[in-house]
Structures are given as structure tokens and as C-alpha cells.
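Working notes for the structure below.
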Amino acid sequence: MSVNIPSNSVPSGASRFQVHVINEGHGSGAAMSDSTDPPHYEETSFGDEAQNRLKISFRPGNQECYENFLQTGETAKTDTTFHAYDSHTNTYYLQTFGHNTMDAVPKIEYYRNTGSVSGPKVNRPSLQEIHEQLAKNVAVAPGSADRVANGDGMPGDEQAENKEEDVTGVVKFGWVKGVLVRCMLNIWGVMLFIRLSWIVGEAGIGLGVIIIGLSVVVTTLTGISMSAICTNGVVRGGGAYYLISRSLGPEFGGSIGLIFRFANAVRVAMYVVGFAETVVDLLKESDSMMVDPTNDIRIIGSITVVILLGISVAGMEWEAKAQVILLVILLIGIANFFIGTVIPSNNEKKSRGFFNYQASIFAENFGPSFTEGEGFFSVFAIFFPAATGILAGANISGDLEDPQDAIPRGTMLAIFITTVAYIGVAICVRACVVRDATGSMNDTVVSGMNCNGSAACGLGYDFSRCQHEPCQYGLMNNFQVMSMVSGFGPLITAGIFSATLSSALASLVSAPKVFQALCKDNIFKGLQFFAKGYGKNNEPLRGYFLTFVIAMAFILIAELNVIAPIISNFFLASYALINFSCFHASYAKSPGWRPAYGIYNMWVSLFGAILCCAVMFVINWWAAVITYVIELFLYIYVTYKKPDVNWGSSTQALSYVSALDNALELTTVEDHVKNFRPQCIVLTGGPMTRPALLDITHAFTKNSGLCICCEVFVGPRKLCVKEMNSGMAKKQAWLMKNKIKAFYAAVAADCFRDGVRSLLQASGLGRMKPNTLVIGYKKNWRKAPLSELENYVGIIHDAFDFEIGVVIVRISQGFDISPVLQVQDELEKLEQERLALEAAIKDNDCEEGKGGIRGLFKKAGKLNITKPAPKKDSNISTIQSMHVGEFNQKLVEASAQFKKKQGKGTIDVWWLFDDGGLTLLIPYILTLRKKWKDCKLRIYVGGKINRIEEEKISMASLLSKFRIKFADIHIIGDINIKPNKESWKVFEEMIEPYRLHESHKDLTTAEKLKRESPWKITDAELEAVKEKSYRQVRLNELLQEHSRAANLIVLSLPVARKGSISDLLYMAWLEILTKNLPPVLLVRGNHKNVLTFYS
């Protein structure tokens, strides 16, 4: 027995699932035969409030769950409160697949983009929400887990700010009306009725069919590639631009989008001029010319394009109805032509060259007969625009019900039908009409007259004078041949009107649609004006008027044969990129490339792209060059502007594949000293908190080495991981925004040293592993907790253990500007509050201006709001003064000192110990940078007083072999003498608080002190390394003497032997060594060569 629990019996805070309880008996014979089946789930619909509820069917043995449900409305007994993740309103995921879980079943809503017109974007439960431990006995307020969001994790209460588009009343088309009809009307354009006869007259039947076939090959290959791209995901508005931009990226899409939009606008002019030519021919026959043929074409064309603009502005629904009517007229016209070919010709038609089907005419017209100035490719250039209609359906992709299905089906069928029609008309007209005819019924062959052997002569007409003077009729001279051949001429005229007007109308509609999509993406900032749409169909009215202006300009040319070749290259460029997009997406081997249209091949698409490019140059080489120059210019412009879009293009996919292949290939390359590059881990914390440290490192790694900004989150892993993950993208984005070529990496660890160890061991990839650790000098080492000091010195030891070089950077003001950043954040918050306050005041002013009772109430509100405003301003002023005074302005200036161009000066390199050459290589790389190029290298090395000149010559020889330019070399001969008493006293005072002084105490007391304070400096230790301590103090004296005015000092880092030098003594060495100096880099390589003088 099945019991249906009505929905109103379920508590509002529990579950909205419709539950069907099936056979609740325990082991009874009433058990259903499928009792071993898993729980059954299905989606049901119960009106607006209960869409897509989950129906849970209980199986035998679930009596406890059933009783619990009757009592509490829940499907499981639990003390835990679950969050809601239903697609529409609040609910709990319970008994999913028979278990109490928050896991969500697969739904299409989880995979939609934000603002999708097909439904809302829904967020599934996050991994943390189903993985973390649930807090017990915590009530969840209704609506707290509403997940209908904007795709960025925003809660449901902010949903009002991200309303979905209103799609009610929007006109959408199927594949027949939206694609097939449009493509057929565009392909059966002006060329079918008023140029195809001339084309086959020039090229003959053989080459004419080849011209049609070549065009069909280009369009078919493009159609296949377009179908593959269309079926690789949901297609939105934008047509060819959308396909190319989402496949190859904004650089290609933006450049070709403008060109394609312009080509479509010119295409309107081409069809309107074709229509006007036909009307002018009719006016000639009736002797009703207005001015002259050229100006009449301009007048009629201008009036026509105004009418077409009116239809377009009226909306897509009216335009679609007009297209259907025009197609019916066009089909009648084509049928009328074929009927006319079998109706016996009268004398008037014979005099004009029409003799019905004749084998002699077919044979005579089979070969080409190009007139002066014409050839195969010039004729092809005139015909090819007729084939460009294959994008008519794709160009209105945003107005299709199902673009993924409609575009491939409609486009490929339209290509097939129109190709058959073109070839049929070409063959029929060539088999019936001779090339030249006089139109005079008196030009018959008289008995005994010498015949010239032409087909017309054999059929009783002598048109031989057409060889000496121009004639008005025949395939080569009369553009209205199809009207003459047809059974009823006015129907062909109607067909011409239908073909030309429908094609012009389709182009007039599609060009603004494509342009609107391009402008919405904001790739070209100045074109945002044309992105605005009007009405429920989001009609691009501004784009319509722009297209009208362009079309009007080209209509004034009034010459169809001039206009047609102009757009051929633009359309071919678009086709080439569509084919290349399909090839590129396949070649990139991205898992996201999964087109449902399987009839494609990447190499065929590449062939199609090459064929399009070749045809462009063959048709008109200089026009092809101009097209590519324009496209290249636009490509460079978009690349330079770097639009803020991310479409997952195949260019990005190929970048990944290339990087992966190169990284793998690099692993097979053995290390060589000539290929050494500094690959640095920089312990910056958040990159924005220590910009100076990052700047100096970036100066010697940019374009030549690896730079990884690292941060260690210390604390409970659970909390640290959450904080770390939330800031990853933001910090990497900060690096990109500041044009710093570096990566950001972070780890969570229980202590700082463990985190750095992990980074030193695991950072990098293959050969791109860090070989140098860069850290800032710990300025507060005397005040810092002992654990921090141990960690700091410990990571230096760890780096040496891992055979990684170390660079310690010291500047007088320190690196950390976190306090300044905190103040800036506060200022930004206050500024946002101030702007919001001003907006609220402005809104209240507007409401007050409306008058009435409502305005009276708003007036009081305005007074309450305006009072705190001065207080906010005073707060801002106070914090600004804090920013300048309390937070040291010198710290801000010091943080930017390496961003500035360094003036003329020196980089002093104190290469005291040979570490493999890193101490010399880093300053050399710095001098190659634009900001440091005015700084000269001065080299300081230790030596003996009696051998200064010899050692100077020796060092100069070594540096010249290393090909390192230097300004001067100094040999320091007195480096090992004792420092003066004042300097030594400063050092002794520095270490005094940390000394144990065990030698002045008895043995027992001394041992006790050592156990209690093992970190302190013992007298024994200090005596053992006294000479080294002398050296650090003496070096500072020499640095003060020789390098006080240097822009930068690069100095060999002293190494503390483990177990011999305490952490405090080592930090005292570093302190006294770098005290009161310009910026200092303490460098120690891993003692492996990084310089060589061998080629």
C-alpha cells in the first residue's frame, strides 16, 4: 500500500520533498517483489512553489524513518541540522540514495553560467560543507542556505542584485525558420538571377561548374567547422564573431568581428544595388528613366535601404515573416525559370538568343570565352559573395531556440539545396541560350548565305555582327536572361526582388547583431555605445542605423561588379578563421573540446583555412594584403589592451600544452653552467606587503629566471587552509596587475620553518626548480621571540642543506608595509560609505521632487541622513593625517625605491668569498636592466698588501674572461686587521644582553645557566670565533669608507657553521656587517659554478 503524505503536513523548516511510503510492514508477505531495489527517486512538479521536488520512496524495513517523518516531517533521525541546497527554495538533502547526506544529485543548474536565459545559476554544496564536521544542536535560520546565486558564491539574499533576464515575449526561431530559410535566401541572392548567366557565359559550363564547386568546397568545409564549434557548448548571440572569439580568444575574435561586421554592411549595399539594377532595367523597357542609369540606381537603392531599415527596426518577428514570404516568391520564380526552358521559344526570344535545349548550344558554351579584362578568378570573385550566405543563420544565434542543433542542420541542408539549384540553373541556361544575340528578328539565315558555323547559325540566326559591334542580348550582354527564358517574366522579376531584398534584409539584421555582441564584450572600449539593446528582443537599434549609413555610402557607388569583390576577401578571412578555430581547438587537445557534431577532421579544417587564404590572394592579392594588415593591426591593438575576459579559448589550451611539452622536454636537458638562471623563492608573505623585496628580486629574474612569491600561513591547518585558498587568486592577480612576472605560492604549516622547508623542496616543476632563496633582513631580531629568531636562522641552514643559494636583502626602513595597507583599506571603506551616503541623499532629493505625501515623509529622512556627513569627512581627514604622520611616510617611499630608475652611480660588489659566481652574476644582470643601466660595477676583493697590483690584474683578467664589464677593481689588503675600538665596542654592546658570561661563574652555576639558556652566546663560543667577529666589524668599517655612496651593495654572505655559531651571534654578525649602509644584498651561492669563460 502506498501512502501519500500531503505537502501541507510538512513543517516549513524541515523538508519540501514529496515522500511516498511504500509497504511499511516488517517482513510481511505484503512485501513488494522489488524490495531489494535501491530507493526510487523522481522529480515531480507541484506548481511554482514546489518545482523539481525530490520524491523519496521508502522501501520495506524503513518503519523508523516513516514514524519519524510523521512526527517531525524529517526523513531521518538526527541531532544535526542540515543546510539547504535545492535549486529553487530552501530544502534539505535527506536520504539521497538511502543515506543522510548533503551531497547534491547532478543537475543542469549547477553547470549554467551566471545570467543564463535558460534558468538560474545554482551552487552545489562546496567540498568543505560536505567534508567538514557538522556543529551539533545549531539551528539554521530559514533561507540561510539559499544557494540560488550569481555564480560567485553570493547568498540568496543578494539575489535581487543579480536578476535573471526576463525572457517572456522574446521571439525565438527553430532551425527551419531561423537558419534554413535565412541561409537559402542569402545564398540565392542577386547572383542567381542577374549574374549567374553572365558567369557561365564568361567561364562556360565546365569552368562555371568548377567556380560553383570551388565556392561550395570553401563553404562546406567552413560549415563543417562551424557545426563542430557550435556543438561544443551553448552558443549565444554574435554569430561568426562569437564562434571565433570563444575558440581563438578576443584577439582574433575582436579583429575579425569588426571586419565581418563591415563586410555584412557592405553586403547590404551589394544586394540593394542588384535590386536597383533590375528596377532600372524595367524603367528602360518602359522608357521611364528618371535621370540616367547610374543615378537611378542610387535613388532607388537609397529608397529601398530606408524601407528595409524600417522593417528591421520593427523587430525580428516582422523580419522573419517577411523572409518566409520572400522565400515563397523566390521558389516560385526558380520553378518558373525551369518551366520556361521547356516552353517552345518564339521568334522574339530566338532573336535574343534563346532556343530551348540544344546540344549544339551546350557544346558551344561548354568552354570559356572570357572578355577583355576578365579571367577565371575575376569571375570567381564576383560569384563567391553569393556563397557567403551560410552564416546568415549563425549570425542571429542569439535568436535561435537551440543554436547547437539549428545551425549545423539548417546550414548544411541549405548548402546542399542551393548548390543543386545553382548548378541546375547554370547548366540549363547554358544549354538554351547563346553567348551573343542581336535581338533583331531580321537577322535570320537566308538560303545560300555563308554560315559562320556557330550554334545560332545552325538554328537559323546570324549573330556574326556581334563579333564586330556590341550586342544587347545573349548570356554575355543581357543580365535579364533568366527573365527572358522563364515561362512568365514578371515572376522572375518578383524572384529577383525577393532574392535581393531578402538577402539585403538578412544582412541588415545580422550585421548589427554581430556588432552588438562585439560591443557587449567591451573589447574595443570606444564602441560600448552600440552595445545597448532595446525591447524584449534586445534589438540593436543603434547598430541598425550604423549599418544603414555604411550601406548607403556603398550604394552610391552604384556598380555591382565593383562592390562584390570588396567583400569577398572579408568573408574569406572570416571563413579562414572559423576553419582555423576548429583546427586549433582540436590540435590543443583540450578536454573541454567535445563537439557533438562528429563529422569533422582537424586536418580538413586546416585545409579549409589554407584554401580560404589562397583564394583571397588569387582573387585580389592587394585586397588580401590590405585585409590582413587591417586584421593584424586590430589583433595587435586588442593584444596590447588586454581585455578583461576569460573564455577558455583554444589559445589558452595550446599555451598549456606548449608549456607542458616544453617543461617535459626540459627535463631531458642536462644542466650546464652557461644555461644557469637565478630561479628564486622570495619569502614576501603577501606580495603586496613587501613590494621592495619583490621589486629587487624581479629586477634580476624578469625575462631571465623564475620568481615565486611565497607565503607561509602559520597556525591550525583548518583555519589556515581556508584563509590561504581564499586569497590565492587575488594575490596572483595583484602580480599581474603590477606587471610582475612571478608566481604566487603558499603553504599552511604548524611553524614558519616547516612551511619554508616544504616550499624549498616542493616548489617548481622539473628543471624549473628554485636554486636561490631570497629573504628580507629581520630588522626586529633583538625584540622578536626566540622561536622566530630560530626559525629565521634555521631556514638559512635549511637552504644550504638543500644546496640552494641564499640572498638576504636589507634596506634601512624595512620591507613590511602592512600597517600602511591596513590604513588604505580603511580609507577605501570610508570612501565607499561616503559615496553610498551621497547616493542615498541624491535619491531622497529625487523622491522629494516628486511631491505628494511621499515627498513630505522623505524630507525628514533627508535631514537625518545629511547630519553624519561632516563627521565622515572629518574621520577621513583624521585617518589621512594618521597615514602621513603616524605611519612613517619614509616606509612608503622606501617600499617603492626599486621601482624608480636608478640614477648614475655604482653597484659595489664585495666578492670576498668564491661561491660559484652568484655574488657576481646577480649585480651583472641588474646592470642590464633599464632602471639600473646607468649604474657601473665596482668590484672589491680581499688580497695581500704586497700583491695588490698582481691580484688586481688577475681579477681583471678573470672578469674579462667572464665578459663582465666593470668600472673599477679594488683590492682590499687590510681586511684582516682588527677594527678600531669604537666599532668593536658597538658590537660588544650589541651582544651583551645575550651573553652567558659563564667564565666568571663556578662550574656548577655555569652548567645550570647553559641548561636554562642554551640559546645565549657563551664565552667559549665568542672566543672561538673572535677572528670572524673582528672581520664582520672590520668589513663594516671598510664598507662605510668605500661604499657609503653606492646605489646598491652586493656582499658575500658569511656562513654560520651548524653547531658552532649560535643564532644570536650570527644575527649580530649580519647586523654589524650591514649597519648604516645603503641597500645591501648579502649573497651566498651553493658553491657550484654559475659563470664560465668557455664557449
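Quick reminder: no glycine exception, Cβ is built from N, Cα and C everywhere.
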Query raised in the report: Would you say Swiss-Prot puts V234 and D754 in the same topological domain with respect to the membrane?
Result: yes
Query raised in the report: For which of S9, S126, S351, S440 does Swiss-Prot record the feature phosphoserine?
Result: S126
**Report entry** region 'Disordered' range according to Swiss-Prot, out of 26-45, 866-885
**Finding:** 26-45
**Report entry** Among T114, T371, T1004, residue that the record in Swiss-Prot marks as phosphothreonine
**Finding:** T114
Query raised in the report: Which residue, chosen from N395, N442, is annotated N-linked glycosylation site in Swiss-Prot?
Result: N442
**Report entry** Mean per-residue pLDDT computed across the topological domain 'Cytoplasmic' (627-1095)
**Finding:** 84
Query raised in the report: Which of the listed recorded positions (S126, N442) has the least company, meaning the fewest other Cβ atoms within 10 Å of its Cβ?
Result: N442
Query raised in the report: Is the number of Cβ-Cβ pairs under 8 Å between the transmembrane segment (414-434) and the transmembrane segment (299-319) three or more, considering only pairs separated by 6 or more positions?
Result: no
Report summary line: Residues in the topological domain 'Extracellular' (435-546) per DSSP class, helix first, strand next, coil last, are 58 helix, 6 strand, 48 coil
Query - Cβ-based contact of the transmembrane segment (324-344) with the transmembrane segment (568-588), 3 or more pairs under 8 Å - result: no
Report summary line: Long-range Cβ contacts under 8 Å made by the topological domain 'Cytoplasmic' (397-413), restricted to residues 6 or more beyond its ends, are 171-176, 178-180, 182-183, 220, 223-224, 226-227, 230-231, 233-239, 242, 316, 390, 513, 517, 537-538, 596-597
Query raised in the report: So which of 174-194, 198-218, 299-319 is most in touch with the transmembrane segment (606-626), counting Cβ pairs under 8 Å?
Result: 198-218
Query raised in the report: By Cβ distance under 8 Å, which residues at least 6 away from the ends of the transmembrane segment (299-319) in the same chain are close to it?
Result: 171, 268-269, 272-273, 275-276, 279-280, 290-291, 396, 399, 501, 504-505, 508-509, 512, 535, 537, 539, 541, 544-545, 548, 551-552, 555, 558
Query raised in the report: N442 (N-linked glycosylation site) to S126 (phosphoserine): how many Å between their Cα atoms?
Result: 91
